[in-house]
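Asks: This is the structure I have questions about; it appears just below.
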């Protein structure tokens with residue numbers, strides 16, 4: 001019984017809304033009644049929502065109207081008088097072709113919905129965020145108002161299509177305001193005044209009324225009676241609905257040849273209709289404790305539209321106003337939808353002819369007043385300004401693009417912009433260094449939580465977004481900044497120093513070979529001499545000067561020494577001659593041999609000077625200690641481990657995998673260990689498929705949580721670690737290591 005009462009109430013609303021929204025779709029009113037009948041019957045069998053009311057809806061009707069008027073404008077249906085073309089439009093032929101266009105778009109949109117539902121694409125509606133949908137419906141309401149102005153004022157303005165069509169239509173209507181038909185304007189004004197007053201009273205006494213008063217139906221009945229008895233059409237030239245055929249039209253196949261022209265609009269109808277229906281369905285399901293299947297809803301709505309296309313219906317979806325009435329009047333199942341369809345059926349079969357004298361201005365006024373709720377959505381601007389600036393930008397861009405580019409292009413532009421905002425936000429996520437909350441295993445952002453303490457020697461780095469190709473480089477830059485280690489510059493500096501040392505080694509090796517030969521000759525000469533051994537000084541040009549060991553140098557030799565001071569290598573004995581005649585020699589580049597800071601060896605650390613044997617087989621030692629950044633003294637740091645918290649990552653790609661590999665390899669150059677924590681299983685599988693793991697990077701570098709990684713770092717760095725961190729002091733861990 002509650003479903004029956006609710007169905008009758010909703011069915012009564014179907015009648016005025018179906019005929020009124022048919023005007024928005026630019027088809028005769030009876031096709032609005034058809035659209036309120038057949039889709040509701042199909043949804044009764046396939047739908048999963050118990051409370052939504054399927055039928056005509058403002059937004060979809062406007063979108064259908066845009067398609068029909070674009071493909072069937074008045075200009076191509078002008079009547080001909082012999083060879084002359086008159087200004088009179090063949091309304092019958094025009095309406096017939098517009099019905100074909102609407103049916104083709106509806107059938108194709110339904111097939112698209114069925115296909116998306118079968119392939120489990122029910123999540124497509126999630127790309128229409130709430131700010132986007134509300135802004136889109138608000139702009140569509142403006143299109144509806146502008147489209148009904150010519151009916152309200154009784155002028156014959158053109159309706160344009162394409163970008164800026166709203167502006168062109170509004171300009172055309174305003175230019176024809178001096179030709180306003182006053183009787184039509186009076187009918188519109190009186191109807192709107194009565195509707196607004198009745199709706200306000202209806203809302204005021206809603207708590208005391210068992211069911212809402214059907215204001216629209218009473219208005220239509222009153223308008224029909226007044227028009228019939230006052231003969232408004234003949235006496236005052238007020239346009240009326242006209243002939244409404246009784247009975248049902250036989251099904252027919254829509255014109256397939258039109259599919260190519262309406263495919264873009266059909267896809268927009270499919271997406272928008274589904275988004276509106278699923279949002280309403282989930283709202284009522286959450287409120288009443290049941291679940292709505294997104295994919296099944298897509299199939300059900302698609303079958304409703306596809307079947308409706310064979311019966312000359314236009315696209316339908318759930319209606320907010322009718323669904324609320326269905327819920328508030330006690331409806332609990334779709335039996336209410338079946339009852340409302342029966343009310344529409346009886347009207348089509350027996351009562352349709354009674355509304356032939358209904359003025360079109362009354363229907364336009366019904367549409368105008370019903371859009372009041374959508375115009376209230378402009379308050380979203382203030383709300384979003386206070387809560388979320390990004391959503392506000394999405395709202396404004398959607399509204400502007402829909403107003404200027406028309407409904408189909410506006411929807412495409414809005415979705416594209418909304419997706420770009422998502423990409424932009426993932427490209428610029430929040431990067432943070434985590435610290436431990438004393439006494440817990442919690443790790444939080446140290447900049448926003450003052451109680452957090454950094455783990456000595458460990459940097460925990462986290463990004464608020466998944467690491468992928470769009471933000472991979474930014475991730476690395478943020479890691480450098482937060483850790484304080486500009487790894488690129490450090491590695492470049494180290495490589496340069498290593499290359500410089502290799503050049504020095506080669507240069508020293510060549511000099512050592514030459515010197516070994518000269519040393520051998522000097523030793524041979526020294527054996528034959530009775531005096532002390534001489535010291536030979538070699539300049540960079542390869543010339544050798546003999547110096548006696550008593551320190552005396554001739555004036556010419558002294559001048560030569562003064563000129564070549566900066567380019568000489570001193571070779572002096574560092575140990576006394578042995579019995580075998582051998583001694584050890586040191587070489588130093590520069591001036592005073594006693595001042596080692598002036599020689600090239602001073603660029604190395606203490607103990608790096610090289611000793612040479614006197615035999616010809618001796619060469620420079622090749623096992624010089626490799627240059628480290630710490631020994632060079634250019635950088636100092638107290639970090640021995642970096643933990644990458646990847647708990648926010650739900651996927652990865654080849655670019656991110658390469659980035660992670662480079663991070664492991666680069667930081668190992670400066671003896672900093674890298675660990676990854678919180679990886680989801682799907683991310684680990686993608687890392688395996690991307691050949692991330694190797695000899696130096698194993699699954700031992702992965703940890704289930706940041707806390708486990710911290711404990712491992714603090715207990716596995718040995719004596720080279722910074723002062724040992726006591727986990728029991730600030731970490732609540734039951735694991736004994």
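Heads up, the Cβ atoms here are built off N, Cα and C, so glycines get one too.
The following feature annotations were taken from TrEMBL:
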COMPBIAS  501-520  compositional bias 'Basic residues'
DOMAIN    448-713  domain 'STAS'
REGION    498-524  region 'Disordered'
TRANSMEM  20-46  transmembrane segment
TRANSMEM  101-123  transmembrane segment
TRANSMEM  180-197  transmembrane segment
TRANSMEM  209-230  transmembrane segment
TRANSMEM  266-286  transmembrane segment
TRANSMEM  298-321  transmembrane segment
TRANSMEM  333-351  transmembrane segment
TRANSMEM  395-424  transmembrane segment
Asks: What residues in the same chain, six or more past the boundaries of the transmembrane segment (266-286), come closer than 8 Å to it by Cβ-Cβ distance?
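Replies: Answer is 48-52, 54, 57, 59-60, 63-64, 105-106, 108-110, 112-113, 116, 122, 124-125, 128, 130, 133, 136, 259, 292, 294, 297-298, 301-302, 305, 315-318, 320, 323, 327, 407-408, 411-412.
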Asks: Looking only at the domain 'STAS' (448-713), what is the mean pLDDT?
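Replies: Computed over the domain 'STAS' (448-713), the mean pLDDT is 69 on the 0 to 100 scale.
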Asks: Take the region 'Disordered' (498-524) and count its residues per DSSP category (helix H/G/I, strand E/B, coil), listing them in that order.
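Replies: For the region 'Disordered' (498-524), the helix, strand and coil counts are 27 helix, 0 strand, 0 coil.
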Asks: Are there residues at least 6 beyond the ends of the transmembrane segment (333-351) whose Cβ is under 8 Å from a Cβ of it, and what are they?
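Replies: Non-local partners: 3-4, 6-8, 10-12, 14-15, 18, 30, 33-34, 36-37, 40-41, 43-44, 47, 49-50, 53-54, 246-248, 326.
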Asks: Among 101-123, 180-197, 209-230, which stretch has the highest count of C-beta pairs below 8 Å with the transmembrane segment (298-321)?
Replies: 101-123
